[in-house]
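S.K.: Sharing the features that TrEMBL gives for it:
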{"type": "DOMAIN", "residues": "61-280", "note": "domain 'NnrU'"}
{"type": "TRANSMEM", "residues": "18-37", "note": "transmembrane segment"}
{"type": "TRANSMEM", "residues": "57-79", "note": "transmembrane segment"}
{"type": "TRANSMEM", "residues": "91-113", "note": "transmembrane segment"}
{"type": "TRANSMEM", "residues": "133-153", "note": "transmembrane segment"}
{"type": "TRANSMEM", "residues": "258-277", "note": "transmembrane segment"}
Amino acid sequence: VGEDSAAFELKDQSMASWAYFAVILAAVLVALNVLWIDPGTGVGTKFLDAVASVSDSHEVVMLLLTIIFALVHSGMASLRESGEKILGERAYRVLFAGISLPLAVTTIVYFINHRYDGIQLWQVQGTTGIHELVWLSSFISFFFLYPSTFNLLEVAAVDKPKLHMWETGIMRITRHPQMVGQVIWCLAHTLWIGNSVAVAASVGLIGHHLFGAWNGDRRLVSRYGEAFEVLKKRTSVVPFAAIVDGRQKLPKDYHKEFFRLPYVAITILTLGAYFAHPLMQASSYQLPW
């Protein structure tokens, strides 16, 4: 019924498409820096100042930034079908990313810069095994990335963007892997940081993804109808629930659905992101956010 997720064949790839993707990515990053991030030329600082003027509480500002991003991101996702009819699939994807990406960057940078500014609720960083638990949980959370994020050429609108109905790989474990991964990441980081700012960020992110799970099902049933209802019956939102109760029948070679290039790339990028934490923090500290 559904599509095979994370499928990637080198022989099917177009070098021209990937070259075009590289050019688009470079242009987007330059535009993001000039129009949003750079305090001298961008409007990101003014946006954050406007949000921060609502309250002196870092927790409130953190929650407001998350809510603004959630409203824009989920709102534009909900309007995708109508928007694509007016603008076309590629143009709407560009508009969607052009608005969502700056808001996401601001929210992330604000969290990095203020993650230790809240009220300390607990302190377990010195407890044996906690660092390892947080590291492993965070690492695992990235394997729950929604399969559509693997389709980078569609994300960049090089290929025609589609609303996919995935069924293999991580979807056998949970129908909403991005939500599950975000919950794992939030719980791990909140445990490690242990303060009110981390709690506020987690409440906002988890709430956004819980809504996204409901909204995603709604959009898929609207697009695919009975086909999605069939998929829904043999998958679950709660991880492994459909497998345990027998609704999801795993093939004998199920493990092969993970031995694919996108998951190898996720492994490398996740390890890279961990070791790049000092660089990300240093870059964030340079901004007056």
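Cβ coordinates are placed from backbone N, Cα and C, and glycine is handled just like the others.
From a predicted model like this one, the values you see are computed outputs, not experimental measurements.
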S.K.: Within the same chain, where does the transmembrane segment (133-153) have neighbours whose Cβ lies under 8 angstroms from its own Cβ atoms, ignoring anything closer than 6 residues to its ends? I mean 6 or more beyond.
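M.R.: Contacts with the transmembrane segment (133-153): 5-6, 8, 17-18, 21, 159, 164, 166, 169-171, 174, 177-178, 180-182, 184-185, 187-189, 191-192, 262-263, 266, 269-271, 274.
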S.K.: For the transmembrane segment (91-113), what are the same-chain contacts with Cβ under 8 Å, counting residues 6+ beyond its ends?
M.R.: 28, 32, 35-37, 44, 47-48, 61-62, 65-66, 68-69, 72-73, 76-77, 80, 83-84, 154-155, 157, 161, 197, 201, 280-281, 284-285, 287, 289
S.K.: Looking only at the domain 'NnrU' (61-280), what is the model's average confidence as pLDDT?
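M.R.: Reported value for the domain 'NnrU' (61-280) is a mean pLDDT of 94.
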